[in-house]
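Enquirer: Please read through the structure below; I'll follow up with questions.
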Amino acid sequence: MSTETLVRPAGRTGRADRERERARGAATTPGARARLILAHVAIYVAALIFISPLIYAFFSALKPNAEMFSMPPTLVGSELRWSNFVDVFAYGPFLTYIMNSFIVAIGGTLVVLIVSTTAGYAFGRLRWKGRDAVFVLFLATLMVPAEVLVIPMFQVMQWFNWVDTYQALILPFAFGAFGTFLMRQFFRGIPYELEEAARVDGAGPVRSFLQIILPLSKSAVAVLAVFTFLSFWNSYLWPLIVTVDYNAHGTLPVGLASFAGLTGTRWDLQMAAAIISMVPTTILVIVLQKHLVKGIAMAGLGGR
């Protein structure tokens with residue numbers, strides 16, 4: 001069973017083209033051009049404000065440590081020490097931190113995608129008694145702060161003897177309600193006629209989910225994957241608590257704190273490590289940005 005692209009009616013396409021032409025004509029007036037220029041200036045200024053900390057962190061990573069807090073402050077140091085990015089790997093088990101972060105982030109993302117897509121399908125497409133009541137209770141868990149659950153979850157990890165393991169870093173946050181809610185909203189926006197046609201051909205719920213629903217939900221899955229990966233990649237409090245041997249199971253956020261010693265802090269290496277830690281997530285967002293915009297927009301329109 002394969003999905004086919006739905007063709008938009010010609011009348012609707014023509015109306016959309018006329019609306020675009022009308023909007024393009026309105027944008028040629030002097031007042032509209034002025035508003036457009038002001039909007040672009042505001043966007044560029046806001047982008048510069050948001051990116052300025054990253055620019056400062058990048059140039060700080062190239063400074064000698066002695067010039068980090070020199071007065072008057074400077075953006076660029078007396079020399080560009082590109083060797084700081086190499087010295088990071090000699091200062092401690094930084095490569096181990098990177099590998100652990102990849103294991104935790106990728107493993108956690110895969111578990112969340114499996115759980116959230118199947119649960120979202122059950123809540124959004126299947127009809128069973130008490131479905132809406134169970135979903136409301138499940139959604140109510142979003143109101144519980146994660147900090148409140150730290151001690152109970154740590155005790156559970158002790159009972160399972162999972163402290164200082166990858167299971168403890170991944171599983172406690174792999175069954176949250178956010179991913180299920182996001183996928184449910186998106187699934188509810190998919191026409192039910194597609195599944196009904198599949199049932200006529202003999203497809204059951206599992207086949208409909210795998211061959212109809214999931215292929216049409218690539219954008220929503222990409223959004224959930226990015227958000228989940230970022231959440232696991234940037235997590236600090238839980239890995240700090242549940243990890244005992246940081247040299248063996250420490251992740252990047254915990255490893256960044258190791259550059260602060262009792263006698264001083266290597267700010268230059270810490271900044272270089274922070275820049276390195278941002279590279280994978282930046283690449284991920286750039287690669288999937290088209291799916292992110294489309295997925296967020298369509299998930300917000302689901303469940304109408």
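Even glycines carry a Cβ here, placed using N, Cα and C.
Residues or ranges marked as compositional bias 'Basic and acidic residues' in TrEMBL: 14-24. Feature annotation from TrEMBL assigns region 'Disordered' to 1-27. The annotation transmembrane segment is assigned in TrEMBL to 41-62, 97-122, 134-154, 166-187, 208-233, 269-288.
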Enquirer: Report, as numbers and ranges, every residue of the chain located at least six residues beyond the transmembrane segment (269-288) whose Cβ falls under 8 Å of a Cβ in that stretch; write 'none' if there are none.
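Expert: Result: 54, 57-58, 60-61, 65, 84-85, 87-88, 91, 94, 98, 101-102, 222, 225-226, 229-230, 233-234, 252-253, 255-256, 259-260.
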Enquirer: Quickly jot the same-chain residues contacting the transmembrane segment (97-122) by Cβ under 8 Å, restricted to those at least six beyond its ends, or write none.
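Expert: Non-local partners: 128, 131, 166, 169-171, 173-176, 179-184, 186-187, 205, 209, 213-214, 217, 221, 224-225, 228-229, 231-233, 235, 239, 249-252, 254-255, 276-277, 280.
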Enquirer: For the transmembrane segment (134-154), what are the same-chain contacts with Cβ under 8 Å, counting residues 6+ beyond its ends?
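Expert: Counting only partners 6 or more residues beyond its ends, the transmembrane segment (134-154) has Cβ contacts under 8 Å with 123, 163, 172-173, 176-178, 180-181, 184, 237-238, 241-242.
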